[in-house]
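Only one structure is covered here, and it is reproduced in the block below.
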Amino acid sequence: MDRWLWQAATPQDAPFMAQLYAATQGQAWGLSPDAPDPVLQGLLAQQHRWRDGAYAEATGGPGCRLIVAADSGTPVGRAWVHERETLHLLDLAVLPAHQRQGIGQWALSALQAEAAHAQRPLTLMVDASNPARRLYQRLGFDDIGDNGPDRQMRWTPAPLTPGVP
C-alpha cells in the first residue's frame with residue numbers, strides 16, 4: 001500500500017521510539033495508557049534505553065539498521081534488522097492503535113522482498129505463545145529450532161532462475 005513506507009531512523013525519531021516501547025511493553029504488562037504510573041513509565045524508559053543500547057552494541061556497525069514504519073507520514077512502528085549471512089529481524093513493533101491493520105504483514109513482506117533480491121534467508125525469533133507466530137507461518141516462515149521459550153523461524157527465497165526477471 002502506498003500509504004506505508006520504510007525510512008531509516010534518525011535521531012529525531014528518538015521520542016517516537018521511546019513512546020512506541022512504552023506503549024507496546026505497557027500493553028504487554030497490562031498498563032492502562034489512560035492512567036500511566038510514573039514509576040512504571042520510568043522503568044519502561046530505562047528498559048527502552050537498555051534494550052536499544054544492547055541491540056546497537058551487539059549488532060552495531062555495518063549491517064545493523066533501525067527502520068521506522070510510517071503510515072501517511074506518521075511514525076507507527078519500527079524494526080531492528082541485522083544483515084549478515086541472513087537478513088535477521090531482531091524486533092518489530094507497531095503502536096497498539098495501529099495494530100491489526102496490516103502494517104506488520106506489509107513490513108514482513110517488504111523484508112522478504114529485500115531478502116529475495118539479495119538471495120538470503122530472512123530469520124527471526126518469536127516467543128512460542130506470541131500470536132504473531134501465525135502471521136509468520138502464513139507468510140511462509142518455517143520453525144527451525146528452539147531457544148528457550150522462543151522459536152527460531154526462517155523464510156528462504158526461491159532460487160533465481162537464470163534469464164528470468
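Here the Cβ of each residue, glycine as well, is placed from N, Cα and C on the backbone.
The domain 'N-acetyltransferase' annotation in TrEMBL covers 4-158. Annotation source TrEMBL lists region 'Disordered' at 141-165.
Residue counts for the region 'Disordered' (141-165) by DSSP state, with H, G and I taken as helix and E and B as strand, are 0 helix, 12 strand, 13 coil. Sequence-distant contacts of the region 'Disordered' (141-165), counting only residues of its own chain at least 6 positions beyond either end whose CB sits under 8 Å from a CB of the stretch, comprise 86, 112, 115-116, 119-129, 133.
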